[in-house]
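The following features are taken from TrEMBL:
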- Glu64: active site, proton donor (ACT_SITE)
- Cys62, Cys95, Cys98: Zn(2+) binding site (BINDING)
- 10-104: domain 'CMP/dCMP-type deaminase' (DOMAIN)
Amino acid sequence: AGGAGMEGSERLQLLLRRCREAKECAYCPYSRFPVGAALLTAGGEIFSGCNVENACHSLGVCAERTAIQKAISEGHTRFRAMAIASDMPDFITPCGACRQVMRE
């Protein structure tokens, strides 16, 4: 986890690195679209997650929700930033389900 004493740019670099590392753990045999996410809590901790697919599509989970659920399950409910990584050359945005979870 990132230390609370880290400076902003150092914390941002760590957040970006952690989302790229999480992408390497993605389980995506159907879409072949690995995604990693890293979430920075208000207290300075970082939680990461990857997408995990299932043959029954609705049972899979996105990287963003994985990171959020990990943080919440550890007692964190206030967040400052999230970084998302994929193999796409351009930016990607969260799906509607992830946006709903982020908003709530």
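Cβ coordinates are placed from backbone N, Cα and C, and glycine is handled just like the others.
Unlike curated records, TrEMBL annotations are generated automatically.
The residues of the domain 'CMP/dCMP-type deaminase' (10-104), classed with DSSP into helix (H, G, I), strand (E, B) and coil, number 36 helix, 21 strand, 38 coil.
In this structure, the CA atom of Cys95 (Zn(2+) binding site) is 9 Å away from the CA atom of Glu64 (active site, proton donor). Around the Cβ of Cys95 (Zn(2+) binding site), the number of neighbouring Cβ atoms within 10 Å comes to 13. Most buried of the recorded positions Cys62, Glu64, Cys98, judged by other Cβ atoms within 10 Å, is Glu64. Same-chain neighbours of the Zn(2+) site beyond Cys62, Cys95, Cys98, judged by a C-beta within 8 angstroms of the site's C-beta center, are, in sequence order, Ala63, Glu64, Arg65, Pro94, Gly96, Ala97, Arg99, Val101.
Taken together, the residues of the domain 'CMP/dCMP-type deaminase' (10-104) have an average pLDDT of 96.
Distance from the CA of Cys98 (Zn(2+) binding site) to the CA of Glu64 (active site, proton donor) is 6 Å.
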